[in-house]
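Pulled from TrEMBL:
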ACT_SITE  HIS98  active site, proton donor
BINDING   ARG56, MET79, ARG80, ILE81, LEU82, ASN96  (6R)-10-formyltetrahydrofolate binding site
DOMAIN    2-171  domain 'Formyl transferase N-terminal'
SITE      ASP134  site 'Raises pKa of active site His'
Amino acid sequence: MVLVSGTGSLLQSIIDNQDESYRVSKVVADVDCQGIERARAAGIPAEIVAFDATDRKGWNHRMAAAVGEPDAVVSAGFMRILGPAFLQRFEGRTINTHPALLPAFPGAHGVRDALAYGVKVTGSTVHFVDAGVDTGAIIAQRAVEVEPGDTEASLHERIKKVERELIVAVLRAARAEQGTLRIDI
Ligand code: GRF
């Protein structure tokens, strides 16, 4: 199942590339967004669990209930931090795609921060989600060169092209084993 918050172009790539190695069982979002529309258009069950900053614990419990019991939880452009009430249930089978080469530039502005730092190479990281912000074990990475004149938007678009391929490659290599994910890539 896939978690989204926004445009959902990564979700679209995951949906379009489904084959015998994985299927998207459900899409859950914290806000009404294009990702939810994409799921519905593809005939995939979709649910919004509106984020509630005044009751993070309750929101995490509602998120866990909405997610159900999938083999894998994929955070693909999901912009909220998942708390213990969620992770205790899904740690080891929750993965995230991040638009930078972790451990450099974690957080919500990975592309902007890499550009501001002046790096010449950045990229995409798929990693397991743990209690930290983009700190979980790295599964796969691909580099993207920063080009002269790049803006945050132009660089992010090139990174997202790579992210769309990398997350599919990771999902195709993933196997559910006793409640955790084994990914040989
Ligand atoms: C991706 O770059 C993802 O890594 C980041 O947000 C972007 C999501 O894009 N967290 P989209 O909504 O899938 O188009």
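Using the three backbone atoms N, Cα and C, a Cβ is placed for every residue, glycine included.
Per-site Cβ counts within 10 Å over the recorded positions ARG56, ARG80, HIS98 peak at HIS98. The Cβ of ASP134 (site 'Raises pKa of active site His') has 20 other Cβ atoms within 10 Å, all protein chains considered. Non-local contacts of ILE81 ((6R)-10-formyltetrahydrofolate binding site) by the CB criterion (under 8 A, 6+ apart in sequence, same chain) comprise VAL133.
Highest local Cβ density among the binding-site residues MET79, LEU82 belongs to LEU82, counted as other Cβ atoms within 10 Å over all protein chains shown.
Rounded to a whole value, the Cα-Cα separation of ASP134 (site 'Raises pKa of active site His') and the residue listed as 'active site, proton donor' is 8 Å. ARG80 ((6R)-10-formyltetrahydrofolate binding site) sits 13 Å from HIS98 (active site, proton donor), taking the Cα positions as reference. Spacing of ARG56 ((6R)-10-formyltetrahydrofolate binding site) relative to HIS98 (active site, proton donor) is 23 Å (Cα to Cα, whole number).
Of the recorded residues, LEU82 ((6R)-10-formyltetrahydrofolate binding site) and HIS98 (active site, proton donor) place their C-alpha atoms 15 Å from one another.
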